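*Asks:* Under the heading transmembrane segment, Swiss-Prot lists 15-35, 78-98, 104-124, 193-213, 230-250, 264-284, 321-341, 363-383, 405-425, 426-446, 462-482, 503-523, citing sequence analysis as support.
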Amino acid sequence: MENKSQKKVSDLKLITLWIIVIFGYLLFVVEWFVIDRISGKPTGILTQSTTTLPQYSGWLSSFFTENAGQIATSSTNWTITLLRAVGSILCGVVVLKFGYRYAVLIMMGIMCVCFPFLIIGDPLNGHNQLTLLRPLSDSVKTQLSSLSSNLQVGQLLGPVMINGKTMLADGTSVELIKGLDGNSIGTAASITGYALFIIFRSTIAIGGTTLVVYTQPAIANLSSNRKKSILSNANLWGFNIGIAVVFTPFLFEQVQQVASQYWVYIMTVMILVVFANLCLFLWFESKIDHIFPQKQTKENMSLTTQPKSIDILKNKTTWKLIGVYGIVLILIVNPLTPAWFSILQTVSPSGSNGLISTGVYTTGLATLAIFWVIGYALGFVVFSPFNKTIYDKKRWMHFLLTANIVVLLIIIMFAATLGIGSAAGFALISIFSFIGGAFAWSLSSSNLILPYEFKDYKKNELPILFGFCWGFGYIAYTLFDITQSVFLQAPVLIQGKGTSILPGVIVSIVFFLGLIALANLIVKFFPACWIKDGDQLVQEMTRKWKLNEWQFVIANKQKNRYSELLK
């Protein structure tokens, strides 16, 4: 009987399939970061002396009256990244259980079932009992004396405090829950609503994260190592383009305000686009022969050797890859977080740690994030061609890891001397964020190409292996996020409000750079890389790269003086 999985699929069809799946991953990245950018602000609490009516926009105003604090805010990320880890680890099991086609459909479907968070986070004209916004009653209006002339009965308002008594705008008495830093952050109902909001929002991450893993079967079945290297490097563009698409519009204050006001409509459109991409995958994948891995059945298990997750986990090389991948994930994601921007602000001199605003554009995390991710454009041209060479990869990995440490130290130095709030300081930090991004993202692409070159793994094992790398990598990132948030919040928790978090910032910086140094040590114990033809070993890569050898940047398939460097 013919084994259907062994039929050759054309590279054109594989590349088209890869485009559809990586587009699904890009949609996840866009959705994920847009939700953060349109979060808005907490409602605050209106009192009889309030003179300015707040603008309620974004989903934060549905659940919180005040900021919940560093640890509480980060705990949301911990929960979500852990769920992403679980999804990534299970994606290998899912693909073996249901086959490649249905595994991708399941994960795209999970992304679509996030839609209840739209209902949970929308006040529904004041009828959503899980939010803080309520229609203003006449009795409450009369007591808000400083605002009464600007108010209308029935308009949505957040909680109010009158004569020491807290109530919703419709007059319902409530008790506010206090956060770790002593702020009153919301009601029991609104915190419950927030928990449900996060649960359904997490399905975007669980499904979307796995899609980048599911690009690997298409890449693994390509006809040449050169094409595999190109698409493996291009995989990172799904994340980087998504970040750039999200952050660029939000550089402008008016876009931020409008998007926060209409966040429900924006997210609805995005979910519909994900569903359309699911339908496109369903149609296109049905036109081609199934690729590895297939659903496990008695028939195909008797014809081929199916990979086993436990065997992959028993391999020591797997854990070395997981260790380095987890640290690289921390390296590429941490500079995109508010915690990193807070670190740069804290080390900046007093008076030079604020934001620069022109009235239209405001400096901040969004600008640095864009420079960080588009740095991969430089890395893609200058550094990524190394992945197509016959050089041993260890020295190259050491070079990139060391370069990242140096660039991050330079960024911190400029923040500490010139300040992130000065034009010169912010400009230099932006430039070196671009350079650092080039090193960091190129490091990530080099790390992702290694499993294709290690003799320990066959191509039908790669989806499971990458699932473990992503899954345990997110666990590592979660542990880092927890540790860093504790470091940053510890001075305030120990000594109270108003305490400088500088000691925690210094510890966080040392911890961050120390992890990168640890990855440098782990790389030393990586096995040798091989040129492979499918699963067949052709030749070990023994040629050692030297720091002054950069001919690979211009080497190509044509017969030129550097063509021998290529696989």
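Just so you know, glycine gets a Cβ as well, placed from its N, Cα and C.
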*Asks:* Could you tell me what the rest of the chain brings near the transmembrane segment (462-482), counting residues at least six beyond its ends with Cβ under 8 Å?
*Replies:* 74, 77-78, 81-82, 84-92, 95-96, 100, 209-210, 212-214, 216-217, 220, 292-293, 307, 309, 312-313, 318, 321-323, 325-330, 333-334, 339, 448, 451-452, 511-512, 515
*Asks:* As a test: from 15-35, 78-98, 363-383, 503-523, pick the stretch that has the greatest number of Cβ pairs under 8 Å with the transmembrane segment (405-425).
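*Replies:* Checked against 15-35, 78-98, 363-383, 503-523; highest Cβ contact count belongs to 503-523.
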*Asks:* Which residues of the chain, 6 or more past the ends of the transmembrane segment (321-341), have a CB below 8 A from one of its CBs?
*Replies:* 70, 74, 243, 364-365, 368-369, 372-373, 397, 404, 420, 433, 436-437, 440-441, 443-444, 447, 450-451, 465, 468-470, 472-477, 480-481, 484-485, 488, 508, 512, 515-516, 518-519, 522-523
*Asks:* Excluding the flanking five residues on each side, which residues at least 6 beyond the ends of the transmembrane segment (193-213) place their CB within less than 8 Å of a CB in that stretch?
*Replies:* 21-22, 24-25, 27-29, 31-32, 35, 59, 62-64, 76, 79-81, 83-84, 86-88, 91-92, 94, 104, 106-117, 120-121, 128, 130-131, 186, 235, 238-239, 463, 466-467, 470, 474
*Asks:* Of the listed stretches (15-35, 78-98, 426-446), which one yields the highest count of Cβ-Cβ distances below 8 Å with the transmembrane segment (264-284)?
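*Replies:* Answer, by Cβ pair count: 15-35.
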*Asks:* Report, as numbers and ranges, every residue of the chain located at least six residues beyond the transmembrane segment (426-446) whose Cβ falls under 8 Å of a Cβ in that stretch; write 'none' if there are none.
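*Replies:* For the transmembrane segment (426-446), the far contacts come to 232-233, 235-236, 240, 328-329, 331-332, 335, 344, 356, 363, 367-368, 371-380, 382-384, 386-387, 393, 396-397, 400-401, 403-404, 407-408, 410-411, 414-415, 418, 420.
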